[in-house]
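Peer 1: First the structure, then my questions, so here it is.
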């Protein structure tokens, strides 16, 4: 079936963010700036954590992995849209479209699982400090990160296989700047109702489930902090608030995009830009701005 699909539709046309020349130049500048900030910010965190032995706690180990996933997530979409805006070439091969869809969901769902693990890490550190060292040992951290990657791979493989089973023989124009499940399956030459519900159950429920677990974890942390107000706990309260803002910025657009059949409402490409570009750009600021240890380590790295 997949081979037949490829013989009928050999490429898709990505309409991008705008057809207006002035807006294309504006979007190119904004995306290039955002992508540069994603690369520099997350690479700085990655190098800082990896080179400073003082940042060896589970929190920074998970933060290092988050930075790597943020770089991968934005790199799946940003370079190609920058080339398209600059050259005007909007076509993408069928195989390239499927590859972009696969890696976007692979990295994106892995990041969802990792953010959930990070919330669990903060819950254990604040609410169960006596058990924290034993539970969040280095071996356990590696196992949790491996589980995040494995879960992301399985989720993405299921999504890609469902798309490849569909016949594509008609229109090939995608009203977006990257290949994603909802706009692609709208082009299928078949009844996609069952496939849409399966995909909504897969991506949508994963997004919603992880978000609810995150909210529950931070609610327990905030309740614990509020019960014992002190200078240290106020700092933890502020840190949790910034983390809640970060996960909301990432999860709400995903829930809006995937927790419904693809044909019910059109997916806004500008909403998709929030979790593919804006959120990876904001994560370095949100997760390190209040960490004096990371800032001191960056200062030492700069001196070296």
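Using N, Cα and C of the backbone, Cβ positions are placed for all residues, glycine too.
In TrEMBL, annotation is done automatically, which means it is predicted and not curated.
From TrEMBL, for reference:
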DOMAIN    41-287  domain 'G-protein coupled receptors family 1 profile'
TRANSMEM  25-47  transmembrane segment
TRANSMEM  59-78  transmembrane segment
TRANSMEM  98-120  transmembrane segment
TRANSMEM  140-158  transmembrane segment
TRANSMEM  205-227  transmembrane segment
TRANSMEM  239-258  transmembrane segment
TRANSMEM  270-289  transmembrane segment
Peer 1: Sequence-remote contacts (6 or more beyond its ends) of the transmembrane segment (205-227), Cβ cut-off under 8 Å?
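Peer 2: Residues 109, 112-113, 115-116, 119-120, 122-123, 126-127, 155, 233-234, 236-237, 240, 243-244, 247, 251-252, 254-255, 258-259 contact the transmembrane segment (205-227) from elsewhere in the chain.
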Peer 1: Using Cβ atoms and a strict cutoff of less than 8 Å, what residues sit near the transmembrane segment (270-289) while being 6 or more residues removed from its termini?
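Peer 2: Result: 17, 31, 34-35, 37-38, 41-42, 44-45, 63, 66-67, 70-71, 73-74, 76-78, 104, 108, 176-178, 180, 242-243, 245-246, 249-250, 253-254, 256-257, 295.
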Peer 1: Which sequence positions outside the transmembrane segment (239-258), separated from its termini by at least 6 residues, show Cβ-Cβ distances below 8 Å to it?
Peer 2: 108, 111-112, 115, 118-119, 122, 180-182, 199-200, 203-204, 207-208, 210-211, 214-215, 218, 221-222, 225, 267, 271-272, 274-275, 278-279, 282-283, 286-287, 289-290
Peer 1: Go through the chain and flag residues at least 6 beyond the ends of the transmembrane segment (25-47) whose CB is under 8 A from any CB in it; none is fine as an answer.
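Peer 2: Here the qualifying positions are 16-18, 63-64, 67-68, 70-71, 74, 78-79, 81-82, 85-86, 277-278, 280-281, 283-285, 287-288, 294, 298, 301.
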Peer 1: Mean pLDDT across the domain 'G-protein coupled receptors family 1 profile' (41-287), rounded to an integer, is what?
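Peer 2: Mean per-residue confidence for the domain 'G-protein coupled receptors family 1 profile' (41-287): 85 out of 100.
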